[in-house]
Structure formats: C-alpha cells, structure tokens
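Swiss-Prot has this to say about the protein:
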type	residues	note
ACT_SITE	333	active site, nucleophile
ACT_SITE	422	active site
DOMAIN	252-430	domain 'GATase cobBQ-type'
C-alpha cells in the first residue's frame with residue numbers, strides 16, 4: 001500500500017498562523033484534486049465542534065476539514081484538552097470524554113495517549129493522498145520534549161517532515177526561527193525541511209538579504225514569505241477576541257458578549273459580526289456593557305464558576321439593569337443554563353451542589369455525566385418559522401413549563417432568548433429574522449459557510465502565489481504557468 005504524503009506545520013510560538021496555513025493548504029490541494037485531510041495530534045481549546053461520527057474535535061480542525069471538502073471526523077484531532085480550571089482539563093480522546101487531569105498529571109499521561117493518536121493518523125494516511133498535520137505551540141520547549149505527542153515527539157513517532165512557521169507581524173521573526181532551530185536537538189532539527197515567514201505586510205523586497213542570511217545560519221531554506229491577507233475573517237480557536245471599547249461609530253448595532261473566565265465557543269458570534277451594521281465586542285467589566293443593544297452570554301466550560309463570577313464581578317447586576325431599560329439578551333449553551341431559574345448538579349459533573357440562575361428565562365437545568373453531542377438540522381418557530389442548523393455540546397438537560405420553542409427558549413416579554421445550538425447565528429434566515437424582530441434591522445442573512453468558503457479560497461490563492469512552486473508540487477499542486 002502506498003503511504004500518504006505527510007507534512008507537519010510547526011510554529012515558533014502559539015498564534016503563528018499554523019491553523020490558517022494548514023486550512024489554506026488543504027483548500028489549495030483540494031482544488032487541484034488531491035485527496036487531503038487535516039490532522040492535529042493534540043489540541044487545547046474550549047472551542048469545539050461536533051463531528052459527523054458523533055464526537056467532538058477542536059474548531060480549527062473543523063475549519064481545516066471544511067477547507068479540504070470533508071466532513072469533520074474525530075480522527076482529525078484525537079486528543080482534545082478542554083480547560084475547566086486553572087490547572088484542570090477535561091480529556092477528550094478520539095471524540096469522547098475519558099476523564100479529567102491536572103496539569104502535573106498530564107505530563108505522565110501523554111505517552112499512553114500516543115497509541116490512539118497514531119491509530120487515528122494511520123487511518124487518515126490509509127484513506128487520503130496527503131495528510132497535513134498541525135503542531136501545537138512551539139517545539140522549542142525542552143522541558144516538554146520528553147513524552148511529547150504534539151510536536152516533535154509526534155513527528156518522530158510518525159516519521160513526518162516539518163515546515164517551521166514564524167510570524168513576522170509579531171516582530172523578531174528571524175530570531176524566533178533561528179532560535180527555535182538552535183533549541184532543537186540534532187535529530188529534531190534534521191526533520192525541519194523548510195521555513196515560512198508568515199503575515200508579512202509590504203513588499204518582500206523590503207526584507208533584503210535577511211531570508212538568505214537566515215538560510216545560511218540555520219541551514220534550512222526559506223520557501224515563502226506569506227503576506228498578511230487583508231481583512232481575512234476565519235473562525236479561530238484562540239483568537240484574541242475584541243474587548244469592549246468605545247461605542248462604534250456610524251450607529252452600528254452594539255452586540256456585547258460577556259467574556260467570563262471559562263468562556264467557550266466565542267466564534268458563535270462570527271456570523272453576527274460579519275453583518276453590515278453590526279459591531280461585536282467582548283466585555284469583562286460591568287461598565288463595558290454600557291451602550292449595548294444586545295448582550296450575549298456565550299458557552300461556558302464550567303457553568304457554576306462562571307455564574308458565580310457574573311455575580312461577584314457585578315456583571316449580573318449590569319445585565320439586570322440592561323433588561324430593565326429594554327435591552328435584549330441571548331444565552332447560548334452554558335449561557336442558556338445561566339439565564340434560567342436554577343442549575344442542579346446531583347452527580348458532581350462540576351463538583352456537585354446547586355445554584356440559582358439569573359432568573360431571566362423560565363427554564364431549569366440538571367447537569368448529567370453523559371455529554372450531549374449532536375449536529376442539529378431543524379426549524380425554529382420564533383422569531384419566524386425558518387430553518388436552523390448548528391450543533392450541541394453540553395452536560396445537562398434543560399426543561400421548561402412555558403416559553404420553550406423548538407431550539408429556543410424565550411422569556412414572557414420576548415426580550416430574552418436562549419438556545420443550546422452553537423453556531424445558531426450561522427443560519428442566515430434565523431439571524432435576519434431576529435435582527436428584524438428585535439431591532440428592525442434588515443440584516444443581509446447571508447450564508448455564513450459560503451462566506452467562510454470564499455475566505456478559504458482567498459487564503460489558498462495567497463499561498464499558491466507565496467510558496468515556492470517546487471515545494472507545492474511535491475504535495476500535488478501542479479506548477480504555475482510561466483508568465
């Protein structure tokens with residue numbers, strides 16, 4: 001059996017652009033008829049997506065699967081760590097929760113996770129022509145190298161070549177690329193085949209001889225200077241979301257999401273933010289809710305602690321004040337649970353006990369050990385009979401005596417809404433109906449997935465022009481016609 005061609009993108013730091021580059025390469029290869037699949041051995045994120053095979057993976061791999069034209073599958077991200085507290089994370093293996101670990105214990109637990117990681121990787125290699133692997137953080141962490149399954153430890157175990165990515169937009173890209181190479185031991189360094197300078201603004205000629213000097217000192221070729229793509233908006237797992245500032249200009253509708261400590265799935269608001277006439281920002285302090293037309297309580301990885309934080313920080317009182325003056329509120333997943341009358345945890349999912357909710361929706365939640373994972377396609381009755389799609393990821397069952405419609409719960413006065421559906425606002429007809437009903441704003445109601453697809457095409461175009469053709473040809477991209 002012919003083994004799939006494999007390549008791993010590692011970065012000099014977190015946020016170097018690995019996720020987007022893998023997504024762009026997936027789209028580029030798929031456009032040229034290459035059967036390509038993404039893979040990330042270990043991910044740490046509370047932004048997760050439900051897969052077609054009934055599990056969950058990081059949103060980054062969901063995006064990369066979309067770029068490759070594939071349904072997301074749990075093999076694409078076999079180990080997902082979802083932080084619940086400062087030093088504790090839920091461990092998801094091949095799509096399903098296997099337990100919880102403290103940070104110290106995870107070091108010892110990594111090596112037993114390597115077999116399922118390799119099992120998932122090998123299945124993808126058997127099914128596709130190319131498998132593009134994304135690393136995590138930086139490989140130049142000598143304290144983490146032993147037992148590593150996220151970067152060079154995986155690359156060694158699976159015998160995968162590496163391209164190293166540095167972000168010039170942060171500054172110091174040449175030092176970070178060369179420094180990363182210097183920190184690697186000889187065997188790991190030999191695995192690095194190429195360097196990429198990412199997110200450059202301006203003409204590459206401005207770099208002068210610096211790339212050549214980097215090649216000479218590091219012994220590894222620079223195969224591309226990738227420009228920053230103007231106004232590129234793709235879902236990101238760990239993007240530095242925009243904190244609340246002064247009210248936007250031009251009379252835009254102000255949507256403010258509460259950024260509690262264990263917030264999850266902040267990208268649920270991307271489709272709203274893409275609407276003309278809508279401005280989305282995030283708030284951590286009560287005063288930052290001032291001027292909001294709509295307040296959103298997003299998902300939460302630990303509902304009890306985030307609910308307590310709302311009260312202790314003064315956010316709850318600011319939310320009540322917003323409602324008294326006619327403001328609108330939406331709660332998604334954990335946000336829905338917090339907006340209800342109360343939450344019970346009889347089986348200790350979050351430590352046990354109970355807590356009163358904010359009392360803004362006539363619902364009550366009981367947490368349960370079994371996690372609900374489902375892709376959802378259906379119809380909402382309010383604010384209009386329209387189709388909705390999304391997915392559910394939650395521990396808990398929420399019931400109501402009244403005010404509960406298919407997919408949404410609504411307060412008696414119609415100003416507070418809650419739903420378990422992540423990506424609810426991606427449903428264009430629902431989003432437009434809500435903006436009209438609440439704010440008389442004629443939203444565009446565009447297809448969010450179509451918007452993302454167009455952005456992926458822009459990114460793929462950029463990579464095809466920026467990376468050296470010979471290196472792309474080795475992955476299956478035909479040479480560009482000469483001009």
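Start at 1 and count along the chain as shown; that gives each residue its number.
Every residue gets a Cβ built from N, Cα and C, even glycine.
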Cβ neighbour count within 10 Å of the residue listed as 'active site': 26
Rounded Cα-Cα span from residue 422 (active site) to the residue listed as 'active site, nucleophile', Å: 7
PLDDT averaged over every residue in the domain 'GATase cobBQ-type' (252-430): 93
Number of Cβ atoms other than its own within 10 Å, given for residue 333 (active site, nucleophile): 29
